[in-house]
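One structure is given here, and the rest of the page talks about it.
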Amino acid sequence: MSAKIQKTDAEWKALLTEKGAEPVAFNVTRHAATERPFTGKYEDNYAEGTYRCICCDAELFDSSTKFDAGCGWPSFSQEVKEGAIEEHVDKAHGMTRTETVCANCGAHLGHVFPDGPTPTGLRYCMNSASLDFKPR
């Protein structure tokens, strides 16, 4: 499935700049870069609210599913609703992982691993730079 929202790199850069996104946000969301562990602004955020895509504002995660995985990136046990996130096989860096992207705009979010808490057993390991937090 292809993203519903499509823009040029210049348009994404302008949008992220206008939103005041972190400088690394463009490379993370549009070129699948990864922010350094323990550096993201949401890694230690446990306020109640919703995490949205920094590029298109689509709801991705509810704070009630966030947990401390000790990995250095914000981790969630499930997406806010089925279909909010798409998964793709990622064979970069000599390993096979499952990449997660925003289903609405294709922004790279991070990866999902099968080592999370019950009931899903999943750990959505996200880049803070790809998220925007909206408190309740």
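Keep in mind that glycine also has a Cβ here, set from the backbone N, Cα and C atoms.
Per Swiss-Prot, the feature active site, nucleophile maps to Cys125. In sequence order, Ala69, Cys71, Trp73, Pro74, Ser75, Gly110, His111, Val112, Phe113 make up the list of same-chain residues 6 or more apart from Cys125 (active site, nucleophile) whose Cβ falls under 8 Å from its Cβ.
Annotation source Swiss-Prot lists Zn(2+) binding site at Cys53, Cys56, Cys102, Cys105. For the recorded site, Cys56 (Zn(2+) binding site), the DSSP three-state label reads coil. Sequence-distant neighbours of Cys56 (Zn(2+) binding site) (same chain, 6+ apart, CB under 8 A from its CB) are Ile5, Cys102, Asn104, Cys105, Ala107.
Note on the domain 'MsrB' (9-136): DSSP counts are 26 helix, 40 strand, 62 coil. Summarising the annotation, Swiss-Prot assigns domain 'MsrB' to 9-136.
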Neighbouring C-beta atoms (10 Å sphere around the C-beta of Cys53 (Zn(2+) binding site)): 24
Rounded mean pLDDT for the residues that make up the domain 'MsrB' (9-136): 97
